[in-house]
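J.: Taken from TrEMBL, the feature NAD(+) binding site covers Asp45, Gly46, Arg50, Asn111, Glu112, Lys136. The active site, proton acceptor annotation in TrEMBL covers Asp45.
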Amino acid sequence: MKRYFIIDNGSSKSIALRKKFESLITEEWTYSEDDYEYVFIIGGDGTFLRNRNKYLDKKVVVINGGNLGYFSHFNRDNLNTIFDKVENDSLFFSPLEIEVLVNGKQFFCINEILIRSDKVLNAKVYINNTLLENFKGTGIMVATPWGSTAHAKNVGGAIVDPNLNLVQFIEVEPLTQKRYSSLKSPFILSYENKIILKSKENCHASIILDGTKIEELYNDNLTIKFNYAKFKMFKPDCKKGYIKKLRDSFIRDK
């Protein structure tokens, strides 16, 4: 008997999709809100990201019932194949995610971390233990390939193939002064690197993970590392399907 849990985003589209999903469930599956092996997410990418704390040691399957579906393989058109495919363990993988250490606390996110100040963020940036720059500006973002089509793109980041284990460091509105210049370009790095921010005096910034503010940074150090998530996700279509999603999301050339 396979135990599952369902999360939907409450929209009329996802509720209708949930009803169709439930009509396909076989006797081998049983619903559980406490002890479950599979989590079925019915909604967009935001629904998936907001519920990350429910995924530990689970298998996550995203069904696109929202506007964007970079994390999803299934939708209304192919939903009838879902139960045959999710029983194949080889179709699941652990996505790259971001680990944040600050103020003696540990946090995780999947898309991006943004450190943003309402005034000027003034911090030393180290890659591993080597100084990259003394940054001055609105903020700093670090994103995974999954985050490269989200907020990272809006602040000038590159779109990165999700099949690559790469991350990017992005400056957000760096200062331009006569005697000061920073990198002013997205910096693509291997996930094996570690990024350290050492904030200077009178620093006050917000720490935002996947769009949610989780902590304040006050004259402290912040460490960003990268690991594979402690849950498995059904593989989205990252070949032909990914390029189609890029066209549908961003490109208007007809």
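Every residue gets a Cβ built from N, Cα and C, even glycine.
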J.: Only counting partners 6 or more residues apart, tell me which same-chain residues put their Cβ under 8 Å from the Cβ of Glu112 (NAD(+) binding site).
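T.: Result: Ile98, Met141, Val142, Ala143, Thr144, Gly147, Ala150, His151, Ala152, Leu209, Asp210.
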J.: Please classify the secondary structure at Glu112 (NAD(+) binding site) using three-state DSSP.
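T.: Going by the DSSP assignment, Glu112 (NAD(+) binding site) falls within a strand, counted as strand.
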J.: When you measure from the Cβ of Arg50 (NAD(+) binding site), which residues in the chain that are at least 6 apart have a Cβ under 8 Å away?
T.: Asp210, Thr212
J.: In three-state terms from DSSP, label Lys136 (NAD(+) binding site) for me.
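T.: DSSP call for Lys136 (NAD(+) binding site): strand.
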J.: Among residues Asp45, Gly46, Arg50, Asn111, Glu112, Lys136 annotated as binding NAD(+), what is the maximum Cα-Cα distance? Answer in Å.
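T.: This binding site's residues have a maximal Cα-Cα distance of 32 Å.
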J.: What is the number of other Cβ atoms found within 10 Å of the Cβ of Asp45 (NAD(+) binding site)?
T.: 23
J.: Specify the count of other C-beta atoms within 10 Å of the C-beta of Asn111 (NAD(+) binding site).
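T.: Around Asn111 (NAD(+) binding site), other Cβ atoms within 10 Å: 27.
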